[in-house]
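These notes are about the structure you will find just below.
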Amino acid sequence: MNQPIGNIYIVVAPSGAGKTSLVAALLQAEPSVELSISYSTRQARKGEIDGQHYHFIDRAAFEEMKDRGDFLEWAEVYGNCYGTSAPWIRGRLEAGRDILLEIDWQGAEQVRKVFPDAIGIFIAPPSIEELERRLRGRDTDTEEVILRRLASARAEIDKIAEYDYIVVNDDFERARLDLISIVRAQRLRSAPQCRRLADMFRRMGTAGAK
């Protein structure tokens, strides 16, 4: 079986760093990249749509999927479980699709054990002070939750060297372009390009067809 052409992009960021908005902007600019929809046991928030934001399931169904080995990765965060469908990911990669996973650092470590070539991208805030300002500006969390998120952010930033790319979200437009550039550059790497363009090189009668 030929190595799948598709790439896996893992995007990780502390809460409040702007990951969700940046990922949405990337998907709009690069519609060929498919977002993996995670399964979650938490309650849907206002405006969230089942199957679009998450696949919302109860704890028993989640445990059943986990026991079957259906999750490429899973984690429990603040009492709620989140998981990524392994069959869906493998099917899309084998079809040559690029997949984006918007997950936490625990999930990223699990995915890279299975797919060591997965591309890790960390979205960093310009400072902890700015991150705190953004978290407080959302006006959705208690003081306890904000402090817990800030502590988690420091722990995540400690692992920043494990990622392939670091995007600092101090200016949204610049960060958006940085994220798009990563995806476009990865597609132009020699190995995947040789597979995609094998027929073209073969017609040229060149070694690029190998």
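Note that Cβ sites are derived from N, Cα and C of the backbone, with glycine treated the same way.
The ATP binding site feature in Swiss-Prot is assigned to Ala13, Pro14, Ser15, Gly16, Ala17, Gly18, Lys19, Thr20. Annotated domain 'Guanylate kinase-like' per Swiss-Prot: 6-184, in sequence order.
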List the other residues in this chain whose Cβ sits within 8 Å of the Cβ centroid of the ATP site residues Ala13, Pro14, Ser15, Gly16, Ala17, Gly18, Lys19, Thr20, in sequence order.
Ile123, Pro125, Asn169
Let me check the 10 A CB neighbour count of Gly18 (ATP binding site). How many other CB atoms are there?
21
Can you tell which of Pro14, Gly16 has the least company, meaning the fewest other C-beta atoms within 10 angstroms of its C-beta, among these binding-site residues?
Gly16
Once the chains shown are all counted, how many other Cβ atoms turn up within 10 Å of the Cβ of Ala13 (ATP binding site)?
25
Pick from Ser15, Ala17, Lys19: which of these binding-site residues has the biggest number of other Cβ atoms within 10 Å of its Cβ?
Ala17
